[in-house]
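These features come from TrEMBL:
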type     : residues : note
TRANSMEM : 12-34    : transmembrane segment
TRANSMEM : 46-67    : transmembrane segment
TRANSMEM : 79-98    : transmembrane segment
TRANSMEM : 166-190  : transmembrane segment
TRANSMEM : 223-240  : transmembrane segment
TRANSMEM : 260-279  : transmembrane segment
TRANSMEM : 291-312  : transmembrane segment
TRANSMEM : 318-343  : transmembrane segment
TRANSMEM : 382-403  : transmembrane segment
Amino acid sequence: MDFLATTGRRKVLFGLLYLSEGAPIGFIWLGLPTRLRAMEVPLDRITWLMAMLILPWTLKFLWAPLVDLFRGPKWGLKHSIIASQVVMGATLLPLFWLDLRIDFAIVSMWLLAHAFAAATQDVAIDSLCIQQSMLAERGSLNGAMQCGVLTGRAIMGGGSLMLERWIGFNGVVAVLIGLVSFSLIVLAFAKEKQLAATAGVAESIGQRMLQLMRQLRRGARKPIIWFGFAFALTVPAAFKSAEAILGPFLVDRGYSEFDVGRFTSTAIIGGMIVGSVLAGRFSHRWADRRLLTGAVIANLLAIAAVAIADLSSDRSGGIALLVALTVVSITIGCFTVAMYNWLMNLTDPLMAATQFTAFMAASNVCEAWSTTLIGRLQIAWGYPAAMLCLCAISATAAIVIALKLPPSPE
């Protein structure tokens, strides 16, 4: 069976590949920070680790072209994915015997190596999807991929905190490695082939490099591209930093690891899926900029509402806080889809993998600096003031970009 032969099989393949990608994202970005905070690791050390682990995702645009440049008859994109996933699984093995608190520095280095492999896997998966699919099916493929990554995040994010109660931390690590690796079985049955859309690509690596450089120079002359980078670098700061501190925030408000896991794996992930579906529906009715504007406003208002509510309460949690955070998760889903939609529309199809990876790298830079900043602001001023400060930064950047952005072409 060839899992690249039909649209249905491609949905299965790329959905599972993104599930393998989403599982460690959920563990590292939610499950692990929550567990570290419960072990009384200082928040600034946790946010430092999160900021460091985003670096490979930020810098992946530097080596993203190599994935395509070295593709040949004997080494295809699926081989790059396989190699990346093997390294991803191997770098998680030390978690079986290292103590997260005592061996924090060593654990950080292994997780950094894992992040480099995961970022490379992401580049190769996106490139394989672009090169092995038709334009008409990419919307449905992206839907399957989004469901896969969110499912992986749910299982190993909040889900890992619940699983730990029953199978222990080592059991959680074993499940994580299994989820990272199991899609290799399906990938082994995928027959990568040359499509008409890629038939004109130069044969030698040198020719491909020259061709890519010409396309990059042409794209750099378009001002709208730089507005895209500026947006990705600044405007998502409020929601990306809020995601990073969600687990520690709930722990500090009196929720147990199990409660945090149950809430994030159901309401938060469910809210993001609902938001993604809503944005997808509205994208058929609204222009991409209008959709993005609405998503930004809704997201900033929702996060600000959580901060204000926490500031005016006794900071002991409660159902109102969980409802407000669920609303935030819905707006995050809307924001993410709206931003990706707009940035994809800015991307030159001739260099889609490289350029879109660069946009995503800018978004990851935003995640790195905003996560570091909110960790320091939380120590100085507390959670509400820190969240409001990030909202103000995002709002200011959005207003400046909106005022300077050239009009949409008719």
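These residue numbers are counts, starting from 1, taken along the chain as shown.
Every residue gets a Cβ built from N, Cα and C, even glycine.
The stretch from 166-190, 260-279, 382-403 that makes the most Cβ contacts under 8 Å with the transmembrane segment (291-312) is 382-403.
Using a cut-off of 8 Å between Cβ atoms, the transmembrane segment (12-34) and the transmembrane segment (223-240) share fewer than three residue pairs, counting only pairs 6 or more apart in sequence. Below 8 angstroms of C-beta separation, residues 30-31, 34, 146-147, 150-151, 153-155, 157-164, 246-247, 250-251, 291, 295, 322, 325-338, 341 of the same chain, each at least six residues beyond the ends of the transmembrane segment (260-279), sit close to that stretch.
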